[in-house]
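I have placed the structure first, in the form of structure tokens, so that the comments after it can refer back to it.
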Amino acid sequence: MESGKEIQELNRNLYPSIEPYSTGFLKVSDVHTIYWEQSGNPNGHPVVFLHGGPGGGTSPSNRRFFDPEFYRIILFDQRGAGKSTPHACLEENTTWDLIDDIEKLREHLEIPEWQVFGGSWGSTLALAYSQSHPDKVTGLVLRGIFLLRKKEIDWFYESGAAAIYPDAWEPFRDLIPENERESFVSAYHKRLNSDDLETQYAAARAWTKWEMMTAHLLPNEENIKRGDDDHFSLAFARIENHYFVNKGFFPSDSFLLDNIDKIRHINTTIVQGRYDICCPMMSARDLHKAFPEADFKVVSDAGHSANEPGIAAELVAANEKLKNLAKKNGP
């Protein structure tokens, strides 16, 4: 175990905002082209940031979790999200396609191996990617654990979370007629894939706002307003819903937990808000029970968002720890 002195020495403050030193688009299939960027130190230790949603896209603040003098920071927008094209496209958009894209990007940037950082759906993708390519991952930082199991989807979209946020739930519920409420995920799937664009937008706004209103321990107005942005909401809601209807494209409900042996050797930190409504702590606890070698940091005064102060501090500290390990074991 680390001593208290070592823990205190780790920086826990977000780094200053920086701009990318290179950006580009990578054609990953006949249909999809993904946006990528690099910031920080061009000769630094590579780290790839896997955004949430799926469909959420990256934002400039994502760069701030990493020491820009040490890390070569790679952000990219997953298929259909952010600046990637075509926008909100569900064709050829599965977990396995995204894993292939991560590998294509790694090879395109001529990176032999890299650290992987992901929160929420990004934690799902980080686990799936590292289990598929364990030899390419130097360390893992996972936040707001989501294993895409039926009970997690049911908790947030069918029951459970509504008991804590009934005021936020009611507009989400009321968009769907009573005779279709046996499965909100299915009812929203129908509307998000409607032939009528306004029907799609109305469903996307309701879906996105429900998640944005529950993502912070204390309401965050800036985050909630993202639900009013039709461009953002359509990709976020359509792609999320597509993945949830298809159970993450995993062969079994416990797929990620069943394959932990493949990544047991990778230095991993799990960061979880105690009051995370979107991805409740049961999943982080199940992951840690299957993977006791990982550090498990429970933030007692936080919900889901990486931007909550306690979670941001633990994420920076987790990267600092991996930075120190990399320096110690360096060439």
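The backbone N, Cα and C atoms fix where each Cβ goes, and this holds for glycine too.
In TrEMBL, annotation is done automatically, which means it is predicted and not curated.
Feature annotations, reproduced from TrEMBL:
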type: DOMAIN; residues: 46-308; note: domain 'AB hydrolase-1'
type: ACT_SITE; residues: S120; note: active site, nucleophile
type: ACT_SITE; residues: D276; note: active site
type: ACT_SITE; residues: H304; note: active site, proton donor
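Cα of the residue listed as 'active site, nucleophile' to Cα of the residue listed as 'active site, proton donor': a span of 8 Å. Straight-line distance linking the Cα atoms of H304 (active site, proton donor) and the residue listed as 'active site', rounded to a whole number, equals 4 Å. A mean pLDDT of 97 is what the model gives for the domain 'AB hydrolase-1' (46-308). Note: the residue listed as 'active site' has non-local neighbours G144, A302, G303, H304, i.e. same-chain residues 6+ apart with C-beta under 8 A of its own C-beta. The number of other Cβ atoms within 10 Å of the Cβ belonging to the residue listed as 'active site, proton donor', over all protein chains shown, comes to 26.
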